Ligand SMILES: *Cc1c(COP(=O)(O)O)cnc(C)c1O
């Protein structure tokens with residue numbers, strides 16, 4: 001797809017050429033099973049262990065604290081269900097937020113059916129959790145706090161260090177879904193007192209279907225996938241060797257020159273926001289004005305349906321998202337936008353443009369040009385917008 005403008009990097013990212021290059025031999029030449037004891041198997045095992053070291057290094061964790069999974073959703077499920085079941089004797093209460101990814105929220109709903117109690121913290125208008133409410137929610141039955149690092153829809157970054165401090169003081173495990181943050185923000189699990197952390201390779205230019213759960217040594221957690229002895233008996237199944245190798249390379253590349261890459265992304269992001277506001281009226285920016293992911297833009301256009309906007313953008317060769325990849329296709333507006341206090345009708349007109357390393361200034365300008373045309377055209381068909389104009 002030449003000339004295609006991809007601004008949906010929070011949904012997934014392309015695999016970088018250098019990443020693919022490292023993966024390829026593990027599909028064909030080096031196809032050994034890491035559990036086999038002959039040398040072909042050993043080669044695969046070594047490749048898996050090298051990748052584990054790279055992931056550990058990026059998080060300031062130990063390699064034996066990294067467990068490979070089939071992506072972010074599995075890591076989220078494992079963290080929540082695993083800690084819940086293993087610590088049942090201690091308590092049955094979990095604290096999370098209203099704006100988590102469905103990998104967390106739907107797992108919490110499942111655990112509620114199993115007899116666990118879940119507190120869903122509110123967020124403020126920018127999508128930041130309330131630390132006072134967090135402290136007040138803690139009881140002697142609380143076994144786990146799970147708060148995402150950065151939100152996938154509105155990009156807001158949470159006060160992770162403060163949450164880690166509160167959890168540590170109370171002796172409660174702290175899990176963070178860092179799928180949107182890893183590779184984009186430097187994370188030190190020790191400095192931040194994180195006990196468990198989920199990540200997924202395809203959000204930082206690695207392959208889909210591979211991720212990891214960081215589990216601090218000593219954390220009591222049950223196994224989710226039973227079977228063979230892989231991952232030191234804690235996650236069965238023959239390793240996705242090419243995927244794991246790709247994830248190792250991708251995380252290494254992601255943290256190279258991160259500050260320069262982020263400065264460039266922030267300048268693209270702010271250019272995009274400014275141009276949208278300069279050209280289109282009745283817009284609001286969702287998420288925190290500054291404390292947000294470098295590539296995230298999320299705006300609501302009043303009197304517009306997000307879905308129509310996406311279809312029109314697609315016809316211009318522009319890929320974006322309304323709500324999150326998982327919520328689009330459903331009629332309910334995004335739970336995140338409702339949680340920050342947007343009325344239903346405004347939440348329906350949301351657009352997420354998530355920038356990545358491959359986007360350019362020219363693309364930003366082109367997108368705003370097309371967006372302005374599309375919004376004007378769609379609004380011309382909206383009786384509500386026509387009324388507003390007459391009042392003015
Ligand atoms: C993408 C995403 C997930 C799910 O990861 P998969 O690898 O697609 O299963 C979980 N949490 C957040 C915040 C995400 O952005």
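Yeah, the Cβs are placed from backbone N, Cα and C, and that goes for glycine too.
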Site-mate of 72, 73, 180, 238 for pyridoxal 5'-phosphate in TrEMBL, selected among 30, 42, 152, 279: 152
For residue 180 (pyridoxal 5'-phosphate binding site): intrachain residues, at least 6 apart, with Cβ closer than 8 Å: 10, 148, 149, 150, 151, 152, 155, 203, 293
Among 73, 152, 238, the most crowded of the binding-site residues [Cβ within 10 Å]: 152
Largest separation between Cα atoms (Å) of residues that the record links to pyridoxal 5'-phosphate, namely 72, 73, 152, 180, 238: 30
